[in-house]
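Features of the protein shown, as given by TrEMBL:
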type    : residues : note
DOMAIN  : 4-117    : domain 'Response regulatory'
MOD_RES : Asp54    : 4-aspartylphosphate
DOMAIN  : 125-242  : domain 'Response regulatory'
MOD_RES : Asp175   : 4-aspartylphosphate
DOMAIN  : 285-415  : domain 'GGDEF'
Amino acid sequence: MADRLLVVEDSKPIARVICQLAESLGFETVVASTLAEVETLLHGDTKFFAATVDYALPDAPDGEAIPCVLSHGVQAVVMTGKMDDITRQKILAQAVVDYIPKENSQAFLYLKRILHGQQVNHENGILVVDDSLATRNHVVELLMRRNFTVYVASDGVKALEVLEQHPDIKMVITDLEMPNMDGIELTNELRKRYSRDRMSVIGISGASNGIHSARFIKNGADDFLRKPFCPEEFYCRITQNIESLNNIKQIQRAANTDYLTELPNRRAFIQIAQNKLPKYAEQGVIYGLAMLDIDYFKKINDNYGHDAGDNVLKMVALYMRKHLPRAMLARLGGEEFAVLMEGVDEDQLFTRLDDLRRELSVAQLPYENQQISLTISIGVVFNGTGSLASQMNEADQALYNAKENGRNQVVISGQED
Ligand SMILES: Nc1nc2c(ncn2[C@@H]2O[C@H](COP(=O)(O)OP(=O)(O)OP(=O)(O)O)[C@@H](O)[C@H]2O)c(=O)[nH]1
C-alpha cells in the first residue's frame, strides 16, 4: 500500500503542485486546508507517513499546525512564505524534518528531494562516533528525523567493531577527541579499509581554529563540521555526501550494465570472472564457462526490424535468468552472451544449458503481432586451467564448432568428436 502524505495547505494551486510531485514519488495524498481539518484527520484512523505543513493557515496564522502534526508522531516538512529570522528559529526549535521558504519553483524541487530522501534514507546506514552521550544523542536525533538507519559507538575501537557487524554502513560521523582511538586515527583506519566511493567520513570538532578540519581532511575525511552546528548545515553536509556516494554507485552500475538486457556487460564480466577464477583454483571449486550466441540473428533484424531484434535479446536474457538463476550471466556485445557457473559438474552444466537451448528452440517469442522463433548455439569450457582470456577463446572455439556442425547445439570443448 502506498505511503500517505498529509498536505496541509490553504492555497489550492500550491496544494495541487505538492500533490502532483508527491504522487510522482508514489505517495497517496490527503489535503487539509485548515488546522481544524488537520485535527480531525489526525484523530481519525488514517496513518500518515509524513506531512507538508504550510506555516500560516486561516485558523492557525503562526505555525500552530506544526506542533499539532508533530504531537501525533507525524514527520513534518514546513513550507513557509515567511523568511524572517524569528520564524526560522521558531520552526527549527521543533523536531521538523526541514523548512522550505516558498520563494520560487526551486522550493518544490527541494521538497521533492526531501520527500524522496524520507522514503529511501533507511537504506543508508550512518555510524555516529562520539564519547559524549549528549552530542551523540543530538546527532542521532537529527539523523532519525531524516529516517537514516543509525548506529552508535563511543570511540574509534568500538566503531571498527560496529562496522564489521554492519556492512550497510555508508557514512561515519566522528568526533575528534575520544579515548582508546581518536577521530583522526579512526579516519586513518577507515581509509585503509574502505575506499572513498564506498564510505564517506565526516569529522566533528569543537575547536575554534581551522587546524582540525585540515587534519581530518588530510587523513582521508570527506567533510568537516564545527560544533556547535545548526541543523540546516548538518543536513546539507550529510545529504550532499550521501548523494554523491549514491551517484557514484549509480554511475558504476551504469558502466557495468548492458542497457538493453540489464545483464552485466563485458567489462563487468571480465572483472568479476578474473577475481573468481584464482579463488576457484585455490579452493578446488568446479565450474564452467560458456559462450552463447543467437543463430542467424542478422536475419531476425532483417525480417522483423531492429526493435524486434532488441526485444529478442531481452527475451533471451530472461530465459537465461530462468534456466541459470545462480550463474553469473553477461551480454558480451551484439548477440553474444557469457555464462560462468560454479558448483555444478559437467553433466549438470550440459543439461542446464541444453534445456535452455531446447526451450528457446521451441519458443515463439511475441513481438507486436508476430511470433519470432530462433535457436542458439553454445560453446563450453569445463574446469579450464588457463587464464580467463584463454578460456574465453576456448569456449569461443567450441561455439564456432557448434555453428559449423549445424547450430542449435551445445558443444563442450574437448568433446567435439
Ligand atoms: N537488434 C539488435 N541487433 C544487433 C545488436 N547488436 C548487434 N546486432 C546485430 O547482430 C547481427 C549479428 O550478425 P552476425 O554476426 O552476422 O551473426 P548471425 O546473423 O547471428 O549469424 P551466426 O552467428 O553465424 O549464426 C548483426 O546484424 C548486428 O547488426 C543490438 O543491440 N540490437
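Here the Cβ of each residue, glycine as well, is placed from N, Cα and C on the backbone.
Note that TrEMBL annotation is computational and uncurated.
Remember, predicted model here, so these are calculated numbers, not experimental data.
Residue environment of Asp54 (4-aspartylphosphate) contains 24 other Cβ atoms, counted within 10 Å of its Cβ in all protein chains. Asp175 (4-aspartylphosphate) is surrounded by 24 other CB atoms, counting those within 10 A of its CB over all protein chains shown. On the 0 to 100 pLDDT scale, the model's mean across the domain 'Response regulatory' (125-242) is 93.
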